[in-house]
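Going by Swiss-Prot, these are the annotated features:
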type    : residues                                                        : note
BINDING : 25, 26, 85, 296, 365, 372, 373                                  : N(1)-(5-phospho-beta-D-ribosyl)glycinamide binding site
BINDING : 118, 159, 164, 165, 166, 167, 168, 169, 199, 200, 201, 202, 207 : ATP binding site
DOMAIN  : 123-318                                                         : domain 'ATP-grasp'
BINDING : 277, 289                                                        : Mg(2+) binding site
C-alpha cells in the first residue's frame, strides 16, 4: 500500500483496509477517525457488540491471545495495517504476520511486543535508555514477591506485568498488605502471566500523559516527532477518573518530559500516537509507562485539540500530516456504570448537555459493572479550572439506571 498519498473506497477492490485488535471506547474513536478518511475498518475483540464493533465495517470475536485464531482472522481479512488497541494479544503471532508480509503492524511488531507488558518497557526505559524511573523489581512467585517488597521497601506499588485500567494494582503499606496484594495482582492480570512488578513509591506532585506522535513530515517525507500539550489527570486505584489539558508545569519539567517521550518513542519506532505516562515533582520528571496507542486520559483531546488523539493516530498511521495544536483548555470526567447489568440506560443527559461547553461520549458497552467506565463527560472553558468544574458537573448529571 502506498502510504500517505492514496486512499481507496471502502468495500471495493481499491479499499485501504485497517484491522483494529481491541474495539473498546478508544478503538471506537480510532475507527470513526479512520472512516472519515474513507478507510475500510475491521474490528476484533474478545466479546460481541463491543463499542468499536458497532461502528466498524466488519466485526470478529476471537481470543486475541490465541496465535492461531489471530493468524486466521488476518489471513481472512487481509488488512494492510494492523492496529493493536489493547495489551492482551499474541504478539509473537503479530511478529510472524509482519515478517511474512501479510500486514504492517502499528507502530511495529517489536514495539507491540515490548509494550505488551510492564517488564519489557521498563527494562527498555531504565536499562537501555537510562531514563529516570522509580526503583523496581519483578517477581513470579509469592516468595520472590515478598523478597522484592523487602528490597524495594514500603510503601510500594504492585502491578501485574500485564493489565490495564488499574486492574490488579494496589499499594503495600504494611506486612499485612503483602499477601492480599499478591492475590489481587494474580486475579487482575489481563492474561494468566503470574508475574508482577514492584515499584518504589515516588513522592510526585502530579502525573501527566505526554501524548507523542510519530508521523511523516510533509516537508521532508521523514518521520518526525510531534507533541501535544501535557495532559494532567487524577487516578484512583490505578484507573483514570478525570483528565485535563493543558497541565501547568515549569518550562524545565516540560522540556524534560518531552525529551523522555522522544527517547522512548524513538526507540520503539514506527508511526502513530503514543501515550507516555510521567511523574513530576517541581523540575524533576520520572518515566512511568508508555502505550503505543491512544490513551484513556487523552479522551480530553476530543474537546481540547483541533485534531483529537484518535485523529492524530489515524493520520499518523496512514502517513498523513498531523496538527496537535491545542484549541481550548478542556477536561474530561468519567461516567461509571454504577450497577451490574446488561443494557442499562442513562438519565440526566439533557441536564448534562446543558452545562456550558459540555459534551458527552456514551460508549455503548453492552454490559455495565459498578466501576466500569461507561462514558465520559467533556467540557471546554476559559481556564483548566473552569473546564474541570464543568466536566465534573456534566458527569454528575448522568445517572445510569436499570432498563428492566
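Placement of Cβ uses the backbone N, Cα and C atoms for every residue, glycine included.
Positions of the features from Swiss-Prot, shown on the structure.
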{"residue": "25", "record": "N(1)-(5-phospho-beta-D-ribosyl)glycinamide binding site", "DSSP (3 states)": "helix"}
{"residue": "85", "record": "N(1)-(5-phospho-beta-D-ribosyl)glycinamide binding site", "DSSP (3 states)": "coil"}
{"residue": "118", "record": "ATP binding site", "DSSP (3 states)": "helix"}
{"residue": "168", "record": "ATP binding site", "DSSP (3 states)": "coil"}
{"residue": "201", "record": "ATP binding site", "DSSP (3 states)": "coil"}
{"residue": "207", "record": "ATP binding site", "DSSP (3 states)": "strand"}
{"residue": "289", "record": "Mg(2+) binding site", "DSSP (3 states)": "strand"}
{"residue": "296", "record": "N(1)-(5-phospho-beta-D-ribosyl)glycinamide binding site", "DSSP (3 states)": "helix"}
{"residue": "373", "record": "N(1)-(5-phospho-beta-D-ribosyl)glycinamide binding site", "DSSP (3 states)": "strand"}
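Measuring Cα to Cα from residue 118 (ATP binding site), the binding-site residues that fall within 10 Å are 289, out of 26, 277, 289, 365, 373. Taking the Cβ of residue 373 (N(1)-(5-phospho-beta-D-ribosyl)glycinamide binding site) as centre and 10 Å as the limit, one finds 20 other Cβ atoms among all the protein chains shown. Taking Cβ-Cβ distances under 8 Å and a sequence separation of 6 or more, the neighbours of residue 199 (ATP binding site) in its chain are 134, 135, 136, 152, 156, 157, 158, 159.
Ranking the binding-site residues 25, 26, 118, 201, 365 by how many Cβ atoms sit within 10 Å of each one's Cβ puts 26 at the top.
Taking the C-alpha positions, the distance from residue 372 (N(1)-(5-phospho-beta-D-ribosyl)glycinamide binding site) to residue 168 (ATP binding site) comes to 14 Å. Residue 168 (ATP binding site) sits 16 Å from residue 289 (Mg(2+) binding site), taking the Cα positions as reference. When the alpha carbons of residue 296 (N(1)-(5-phospho-beta-D-ribosyl)glycinamide binding site) and residue 201 (ATP binding site) are compared, the span between them is 23 angstrom. Around residue 207 (ATP binding site), the C-beta neighbours below 8 angstroms that are at least 6 residues distant in the chain are 232, 233, 235, 277, 278, 279, 280, 288.
A gap of 16 Å separates the Cα atoms of residue 85 (N(1)-(5-phospho-beta-D-ribosyl)glycinamide binding site) and residue 289 (Mg(2+) binding site). Note: the CA-CA distance between residue 201 (ATP binding site) and residue 26 (N(1)-(5-phospho-beta-D-ribosyl)glycinamide binding site) rounds to 29 Å. Note on proximity: among 25, 26, 365, 373, the binding-site residues of the record, the Cα nearest residue 289 (Mg(2+) binding site) is that of 26. The DSSP secondary structure for residue 277 (Mg(2+) binding site) is strand.
Computed over the domain 'ATP-grasp' (123-318), the whole-number mean pLDDT of the model equals 95.
Ranking the binding-site residues 85, 277, 289, 296 by the number of CB atoms within 10 A of their own CB puts 85 at the top.
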